[in-house]
Amino acid sequence: MSNPEKFRRGLLAITLASALAACGEQAVEPKQIEIDPASLASSFLINAEDELATLRKELYRAEWIYQNFITEDTASLAADANSRYTAAQVRLAHEAAKFDGIDLAASTRRKLDILKFSIVLPAPADADKNAELAKLAADLNGMYGKGKYCLSADNCLTLPEMSNIMASSRDADELLALWQGWRDVSPPMKPLYERQVSLANEGAKALGFNDLGTMWRSNYDMSPTDFSVEMDRLWGQVKPLYEALHCHVRAKLGETYGTDLVSPDQPIPAHLLGNMWAQTWGNIYNIAAPEDADPGFDLTTQLAVHGYDELKMVEGAERFFTSLGFEPLPDTFWQRSLFTQPADRDVVCHASAWDLDDQEDIRIKMCIQKTGEEYAVIHHELGHNFYQRAYKDQSTLFQNSANDGFHEAIGDTIALSVTPEYLRQTGLLTAEEIPSADKDLGLLMKMAMDKVAFLPFGLLVDKWRWQVFSGEVSPQQYNQAWWQLREEYQGVKAPISRDENAFDPGAKYHVPGNTPYARYFLAHILQFQFHRSLCEMAGNDGPIHRCTIYGNKEVGEKLNAMLAMGASKPWPEALEIVTGSKQMDATAILDYFAPLKTWLDQQNIGRQCGW
Ligand code: X8Z
Ligand code: ZN
């Protein structure tokens, strides 16, 4: 008898015997009766969704409190809630696997697959190991959240403060001190991370996966191997654009800091790019700006001039969504969200969007800085919230995005519509301040320094984790493997030699926070695809980087149709709704930056590109 068959018979026998016992009947020999496996699967799923929905609410509430008030006690409560939720997820994933090989309706099969594939941190079934894993996860998160760089006992900088300085300082020594100082946060994480990897791998193996990385890559409606190939294919499409940008920015950095510091044929030292992780470079736009094409405005300045505080920034972002026809955010959003860094306690400042009750209780948590960069991040976060609300009527297991890249792409798609014309319509620029067409290269350069520069970073974070999870990289090699990938993909190097205790991946939120990262790479491809299609729908006939979908309700409706599907269908079907295509495709980002690429190639003539 096949496994599913055995399971079905066994379950029937048990069900019948216990139903009789419960009615006070005499125990009888279980009888074989035919029950449709489809109805067994359905009732299993109804109970599973019910249980998960309840536990998820408890978990999110505990996590919200923990991340807003990091203490020993809140860490412990969050870890407890996490271990309850994970134990249920793991048990249900094992049960779901018993339906393997049975012919079921597509949506039933999809829910079972979601149960099997979507545990981010699968614990071993053993209760002690589960509790240990949950505690490690909470502790790692807390270590990052509490992290500071102290110049002296009473002069400590938080990460947002350091990020602000790194954005504007052009003093290489100061930049290096911050770069190095922040990385003191992570060596103590390393033993915890090592243990976390080992426990979560054990959990993944018990569920039938080779390792946790394979499990993460299984959640994209294709085989894990095909997913890796797909990531590399997309990277191959954009690599020439990235290399052209890298070449130009490196040359300009060489002019600014001297070629002793920035060698013309070597990877760029990672502290000079305006961002703690060198993942976006828009903050050093003025170093690489095309001459005579400066857009002439700076969003950070415009926000200040027009009196935008944190609240007004969030309201501004909300207005974009409501202009597309989305309902305004509920009162509770405004009452319960965190917008500014509290002075009196430790919080996880890394921006996040929450859905506490699967219905209306959506919030963001963010230590907003009053900059143009953060204005985009607010749009990013609200994209999550509007997505969550759009799929709230789906059943529990479908209350998610089509794939995780979609979740990350929605708010960014909206932010691509934050164009000069949009800023004029909302009063942040006057008609005279709108840059003319000959300033397009400047606008494109600024955008590329954020979006194109991000791509290899978006790819390599999980390449590193996949190697770590598979055992290809041992704990002794964690840091060295990290820098190898940073050099290979980004062409960025550590500015000083790293000592053997260093654990630099731990200084990036998503590693101690255990958030998969491939999603952001996908989002950076998808958001340009969405933008291009939505702009076509809006009848845009100018250059795509000048297009804004602001105020277009018809376009909003189309977007909402995709969001409302949640995870109920394979992601290519969701993609097709907005783009008409079932393929992720980097030609949209290439089209967007085509004029810049031509210009970069000219600038790079005579330079030695690559590293
Ligand atoms: O973590 C985020 C969001 C929250 S989901 C702010 N992002 C990645 C990062 O900061 O590293 C957005 C882009 C990449
Ligand atoms: Zn996000």
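Glycine is no exception: its Cβ is also placed from the backbone N, Cα and C atoms.
Owing to the predicted nature of the structure, the values given are computational and were not obtained by experimental measurement.
The candidate list Glu408, Glu421, Glu432 contains one residue that TrEMBL assigns to the Zn(2+) 2 site with His380, His384, namely Glu408. Noted from TrEMBL: Cys367 is disulfide-bonded to Cys349, selected from Cys247, Cys349. Between the CA atoms of His510 (active site, proton donor 2) and Arg519 (chloride binding site) there is a gap of 11 Å. Tyr220 (chloride binding site) sits 22 Å from Glu381 (active site, proton acceptor 2), taking the Cα positions as reference. The two recorded residues, Glu408 (Zn(2+) 1 binding site) and Arg519 (chloride binding site), show a Cα separation of 7 Å. For Arg519 (chloride binding site), the same-chain residues lying six or more positions away in sequence with a CB closer than 8 A to its CB are Asn403, Asp404, Gly405, His407, Glu408. Residues near Glu381 (active site, proton acceptor 2) in space but far in sequence (CB under 8 A, at least 6 apart, same chain), listed by position: Ala351, Ser352, Ala353, Ile364, Met366, Gly411. Looking only at other Cβ atoms within 10 Å, the busiest spot among the recorded positions His380, His384, His510 turns out to be His380. Those same-chain residues not listed among His380, His384, Glu408 yet with C-beta within 8 angstroms of the centroid of the Zn(2+) 2 site C-beta atoms are Ala353, Glu381, Gly383, His407, Ala409, Ile410, Gly411, Asp412, Ala523. Residue environment of Glu408 (Zn(2+) 1 binding site) contains 25 other Cβ atoms, counted within 10 Å of its Cβ in all protein chains.
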